[in-house]
Amino acid sequence: MKAVVIGSGSWGTGLAQVLCDNKVDVTIYGNCESEINDINENHRNSKYFGGIQIHPDLKATTDINVVKGSDIVVLSVPTIAIESVCKQIDEILDKKTIIVNTSKGFHPETFERMSCVIRENISEEHLSSVVSLIGPSHAEEVVIRMLTTICAVSLNEEDAKTVQETFSNEYLRIYTGTDEIGSEVGVAVKNAIALASGILSGLGYGDNTRAALMTRGLMEMTRFGVAMGGKKETFMGMTGIGDLIVTCTSQHSRNFQAGYEIGKAGTAKIFWETNTKTVEGVRTAKAVHEKARELGIDMPIVNEIYAVLFENKNARESAKQLMTRDLKPEMVF
Ligand SMILES: NC(=O)C1=CN([C@@H]2O[C@H](COP(=O)(O)OP(=O)(O)OC[C@H]3O[C@@H](n4cnc5c(N)ncnc54)[C@H](OP(=O)(O)O)[C@@H]3O)[C@@H](O)[C@H]2O)C=CC1
Ligand SMILES: O=C(CO)COP(=O)(O)O
């Protein structure tokens, strides 16, 4: 089994180390020479994990030709880069390959899900199938081998099982699933809700507020995902409530951290001027806001996140708006 992980960032490194621990022949491809040297020579990825030592056998390269002959290619780049990376590797792949998607979000312009973008950009003769390996998993914890569970979701059950068996070990347990729509929508939308969780914390609100946000956020995720064709029960699993919990409550979440800074500042102005991190919830909020409006789906939380991010709305005003809009009976979905 030959595997290549595209992306030498936090998740790419964390997942490549899992494969290395599992004795799979794995190489990381990255476009940043200093990061690649850091992995090969110092057995660290200091930019993302500080002084943490990674597996000494983990190797990395800046040569994209490494994907030739791969059985599995794992895409661990931000959603904005998925289309171009697929086009790039499709030129080099030489057999049917399982493409593992780990990105959470939608295409920046077409708003398509990641599996669809990959299928459109990898030719049939190079694609066995797309498997999304997604769920509640901060790279910072996987890299130090903390117990974690995620899901291998695919329309191709055999490939999902291959991914399950290849990645599972004593600290990473992989489930399989077939609801590609529900799962990919869940892990994308939770990032926008995590931004809101950070905003509310930054504004000084507490545990009651977060519980309210997560509960009502889950309703919005589910309502949106079901309208897109996903199954309601998927949102009760790892790629729904599971990922929502970890991202809304963790100090590691970049979406939460970005939201926190916005809440503290009161608006998103400083965030737009200074952010350099991968904060997928920002583009997702825009995509979901626009799609929900087109389909007539009620998404009050996402709409307020959109207003704070893209219309410079004051964050405290947004929270007030959510609390004082027309009273309703509690709706499950
Ligand atoms: N971090 C985590 O805990 C988890 C992340 N994810 C998801 O994984 C995806 C990747 O995020 P994550 O690893 O966290 O992000 P990071 O910002 O940590 O790393 C992204 C990496 O991708 C590289 N990259 C960007 N564009 C390209 C390209 N065209 N070719 C090659 N490399 C490229 C970046 O390089 P450069 O810096 O040079 O641009 C960087 O090394 C996101 O969608 C995220 O939601 C999912 C689960 C957990
Ligand atoms: O998806 C993640 C955890 O499951 C990572 O979340 P952040 O992108 O907010 O860091």
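Cβ coordinates are placed from backbone N, Cα and C, and glycine is handled just like the others.
Remember, TrEMBL labels are computer predictions, not curated facts.
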Can you match one of K87, K104, K313 to the NADPH site that TrEMBL gives for S10, W11, Y48, A139, R254, E280?
K104
Are there residues of the same chain, six or more positions away from S10 (NADPH binding site), whose CB falls under 8 angstroms from its CB, and which are they?
N45, Y48, F49, A139, E140, V143
For the recorded positions Y48, G135, A139, K190, which residues place their CB under 6 A from an atom of ligand 2?
none
According to DSSP, which kind of secondary structure is Y48 (NADPH binding site) found in, if we only use helix, strand and coil?
helix
Find, among the recorded positions listed as K190, R254, the one whose Cβ has the highest number of other Cβ atoms within 10 Å in the structure shown.
K190
Just counting, how many other CB atoms are there within 10 A of the CB of A139 (NAD(+) binding site)?
21
Is any of the recorded positions W11, K104, K190 within 10 Å of S137 (sn-glycerol 3-phosphate binding site) (Cα-Cα), and if so, which, in sequence order?
W11
Taking Cα atoms as reference points, rank the binding-site residues W11, D243, K277 by distance from R254 (NADPH binding site) and give the first.
K277
